[in-house]
Amino acid sequence: MSDESQPSEPPQGMPGPPQPGQQPTPEQIQQMQRQLAIEAEKHGMSVPEYINKLKQQAMQQHQAQMRQQQQQQQQQQQQPIQPGPPKPEAIAVANFLKSQDLKPRTVIHDEKRKDMFRVKRAIRALMSPAYQKARAKNTLLPDVNDRTTAENTFKMLPLSLLALRVSKIDPETAHEGHAHAKPKRVKGLWTVRIEQHQEANDDCYYIWLYEGSQWKMKLYAGGALAGIMAVVLFPLWPLFMRQGVWYLSMGMLGLIGLFFAMAIVRLILFVITLFAAPPGLWLYPNLFEDVGFFDSFRPVWAWQETLEDIKNKKRAKKEKKAAKLAAKAAANGKPSKAKKGGVSPLPEPATPVPAPTNIESAPQPTGSEAAPPSGAVTQRPPRATVEEADDDE
């Protein structure tokens, strides 16, 4: 730039430019007007034209700055987050916690099933003697001496994206803005979302993103591939192997037919006893229940549950839970509070009522004992089913 474009210092006796935040004096305003007139004359413009040109230049500079900022923001948004590989220490902690009984619960996250656990159980596992034994074998596990070091060790999981804190949400609100239909809510199955703040409080819930070693999955995939190849090459099998498969298939068909015959027989027996000896007798009452294979055939028979039996079972379950809460409160030194409409944790003992002399109590049926003598009134036992374990969360 030439010396003419540089701002000239005001001569002595002339007022200088106003200071920032200070209102200009009339002499300073006149000086600025004369300076604008000189600059406009240099560019061959009038003063209003020169002022408009300065405004346009300032507007263009502002727009250019705004466009540059928007481009930078778009680049930052489009740039994917690339988390680094998890630390070996965090993987060791995750492997140890997955081997412990944290009482995980299946939840739905991003339309996928994940295992959720509570922080207090993870902290309890890190402070247990089992962790010290595992640390003696694996030097990658950090040292845990107190609650603070246990929390710091647990925080390695969210830092390495192995487990993240979640909270329960409504499944209907989780699909707002999506074109597909709302999923049907499954009772007892939470729908969760990841929280922004990852904390390590006892009441926080985390889901596993770390799936552990994949050698089992690879082994299953190899076995499935070998099975498919074996089925495809079935015509090339030796004769004795093909005959063995044929006998095995006939045996499986016989078992399936026997199962259907058993289901029909037990239904017919129930319909007959429903009218002959209400409320009806079931053969293998747990046959279609959600239990194990051997539990499906235990007990051999049982009476049909009535509404009174269901109420008694719920009442006994509430009493058991209330007694458990009362014992826990007594251990912590806090008074227990009974819930509204619930059962008192410490019920008063009832006065025993003498049984009538003309009624004989029959022994509990086991399916193989002889029937009670005629004329005797038997007490029907409740239906024997496999009850779910109480959730102590």
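A Cβ is built for glycine as well, from the same backbone N, Cα and C atoms used for every other residue.
TrEMBL annotations: computationally assigned, not manually curated.
Just so it is clear, the model here is predicted, and its values are computed rather than measured.
For reference, TrEMBL has these:
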COMPBIAS  8-23  compositional bias 'Pro residues'
COMPBIAS  24-33  compositional bias 'Low complexity'
COMPBIAS  56-79  compositional bias 'Low complexity'
COMPBIAS  325-335  compositional bias 'Low complexity'
COMPBIAS  346-355  compositional bias 'Pro residues'
COMPBIAS  358-367  compositional bias 'Polar residues'
REGION    1-89  region 'Disordered'
REGION    325-393  region 'Disordered'
TRANSMEM  219-240  transmembrane segment
TRANSMEM  246-277  transmembrane segment
Across the compositional bias 'Low complexity' (325-335), DSSP labelling yields 8 helix, 0 strand, 3 coil
Please spell out the DSSP helix, strand and coil residue counts for the compositional bias 'Low complexity' (24-33).
8 helix, 0 strand, 2 coil
Cβ under 8 Å to the transmembrane segment (246-277), counting only same-chain residues 6 or more beyond its ends: which ones?
283-284, 287, 304
